[in-house]
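Under the heading active site, proton donor, TrEMBL lists Tyr148. Per TrEMBL, the feature active site, proton acceptor maps to Lys219. TrEMBL lists Arg201, Asn477, Asn522 with the feature (S)-malate binding site. Taken from TrEMBL, the feature divalent metal cation binding site applies to Glu298, Asp299, Asp322. Residues or ranges marked as domain 'Malic enzyme N-terminal' in TrEMBL: 125-313. Residues or ranges marked as domain 'Malic enzyme NAD-binding' in TrEMBL: 323-591.
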Amino acid sequence: MGNFSRQMALSSALLKRLQSRRGALNTVNSGAARSFTTTEGHRPTIIHKRSLDILHDPWFNKGTAFSMTERDRLDLRGLLPPNVMSPEQQIERFMADLKRLEKSARDGPSDPYSLAKWRILNRLHDRNETMYYKVLIDNIAEYAPIVYTPTVGLVCQKYSGLFRRPRGMYFSAQDRGEMMSMVYNWPAEQVDMIVVTDGSRILGLGDLGVQGIGIAIGKLDLYVAAAGINPQRCAFDLFVLVLPVMIDVGTNNEELLKDPLYLGLQEHRLDGEEYLEVIDEFMEAVFTRWPHVIVQFEDFQSKWAFNLLQRYRKEYRMFNDDVQGTAGVALAGLLGAVRAQGRPMIDFPKMKIVVAGAGSAGIGVLNAARKTMSRMLGDTEIAFESARSQFWVVDANGLITEAREKIDPDARSFARRVKEIERQGLREGASLAEVVRQVKPDVLLGLSAVGGLFSKEVLEALKESTSTRPAIFAMSNPTKNAECTPEEAFSIVGDHIIFGSGSPFSNIDLGNGNIGHCNQANNMFLFPGIGLGTLLSGSKIISDGMLQAAAECLAEYMTEEEVHKGIIYPSISRIRDITKEVAAAVITEAIEEDLVEGYREMDARELQKLNQDEIRTYIQNNMWNPDYTKLVYKKD
């Protein structure tokens, strides 16, 4: 067992889980492995259409890859060029076209190449879904930033102009009283995963109204690419297993309210009980039709994020990625920073952490880190209170203390005591630079959505940190909202720092063969595995323990050698493997908490009997791969 595992063993609360997970990595079956049905295998697909109807349907279209046998069977002969191409040849041709067209696809000099790439990929998605996901999976490191952050932010800002064909469903304030019937307009008897937004705070871009649907679409593309959740499966009934949803309750964005081309409701946002009535009706409708669906809440403003999470999480299979996903990824980074600093993991509760930002993401991270510290200290009320003293929270009005007249209820438990901060030479509303200078933190964590917040003054102050290797996390998205760039961090604070960010940045050449590693603290490392693990376990809820297990799994994923180099998050190119490991951790925890109810042919009793290798096999067999299947026509 490595140093990291020995250190974690110091916390008895963590030991049980980590031993179980470490066993997953080392287990060698002495007997024959249990066999499993490959759920997402190469079974024929029954369809009810022929000829041009197939070529115009992105779910079934293979383009020039249709074999001659299929062309005869499906009345396609003569409708395609005669040369049958392999999927590899199709992708090679598409990639060549993409490289050639990405420049000419720009709408003028102000249109970045990334948005041009998104347009080209979107057109492929419109005509051939299988090939689209094949391209995305095979080139995930290059195209994840296109379909997700940071480019998805640009997409959402321009979505009314980019809209070509509908994806997902739109529920609006005008649909009150009709949602239970509306949900049956979606042509699928089964949906596994919904990502829903109300567009109120897309990334760090503010209220984008109905245009926020772009973030839900992008997230679900990653569920397919990273977790292998099948976007569509057809037998005698149609299954479209992932569904992006927009709940349009209006917008407070004055530009959109005046824009004649805006696609959403041009009225101010609902609030209070009226708002809750719309969300309640939506949740009741989707869970009535699809009782086993998982709903991920995405980019709801802080005002509602925690409220809705607490309102629904004990009744429905749901989670909030901004609160819980961001918290898990950040927690994994904090644990990785402890490792990279060469300290024993039991020192995590001693880490001094300055947090810039007290919105839903910031408070979510604070709560997760505090709970972990508390568990390491014995999981008592005294331990929980002790962990509180390790955080200094700064918002737009400065350091949050108990002297502040109006404190957000979610941030109140992290307000510093007045006498305590006076001894530190601080005061209510102290600036970020003042706090960093006086506290000399081990970690500076940014979740503010304010680009450049970590100014030269702030970074200069961090040079006085008592840590031998201070960590800087500029977590806000998209790129322009990052609190600082890696160049600024390494050049001002020094080569010895650990750097993490929410958006992707290139590594920094520090000279003399040294590299400043830019770790992307991407929610993509967790939410696909959380969703997949929940789906395959059949758990009725997504518990704190399941989320904690996911974060700890990610923290463990990097080797000691990588961590000592300052690499605390993996490459996105490994996302399928990361997702499988996270899903296994989530399933294992669900089994330990007796939450599993099984999935399809695997009932709860069978699932509880699986060892760690068999859980991995079970997951692997249920991860969809974008391969063309044989199409068989059946008359309606």
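Quick reminder: no glycine exception, Cβ is built from N, Cα and C everywhere.
Where the annotation comes from TrEMBL, it is an automatic prediction and has not been curated.
The structure displayed is predicted, hence computed values, not measured ones.
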Which number gives the other C-beta atoms within 10 angstroms of the C-beta of Arg201 ((S)-malate binding site), all protein chains shown included?
25
What same-chain residues, at least 6 away in sequence, bring their CB to under 8 Å of the CB of Glu298 (divalent metal cation binding site)?
Val195, Val196, Thr197, Ile215, Ala216, Lys219, Asn320, Asp321, Asp322
Same chain, not part of Glu298, Asp299, Asp322: whose C-beta falls within 8 angstroms of the C-beta centre of the divalent metal cation site? Give them in sequence order.
Thr197, Arg201, Ile202, Ile215, Phe297, Phe300, Ala305, Asn320, Asp321
State the Cα to Cα distance, in Å, between Tyr148 (active site, proton donor) and Asn522 ((S)-malate binding site), rounded to an integer.
10
Neighbouring C-beta atoms (10 Å sphere around the C-beta of the residue listed as 'active site, proton acceptor'):
29
Would you kindly give the Cα-Cα distance separating Arg201 ((S)-malate binding site) and Asp299 (divalent metal cation binding site), rounded to the nearest Å?
5
Intrachain C-beta neighbours of Asn522 ((S)-malate binding site), sequence separation six or more, cut-off 8 angstroms:
Ala144, Thr149, Val329, Gly502, Pro504, Tyr569, Ile572
Looking at the domain 'Malic enzyme N-terminal' (125-313) alone, can you tell me the average pLDDT?
91
Just to be sure I understand the packing, how many Cβ atoms besides its own are within 10 Å of the Cβ of Tyr148 (active site, proton donor)?
25
Return the residues near Asn477 ((S)-malate binding site), defined as same-chain residues 6+ apart in sequence whose C-beta is under 8 angstroms from its C-beta, sorted by sequence, else 'none'.
Thr149, Pro150, Gly153, Leu203, Gly204, Ala449, Gly502, Ser503
Other CB atoms, at most 10 A from the CB of Asp299 (divalent metal cation binding site)
25
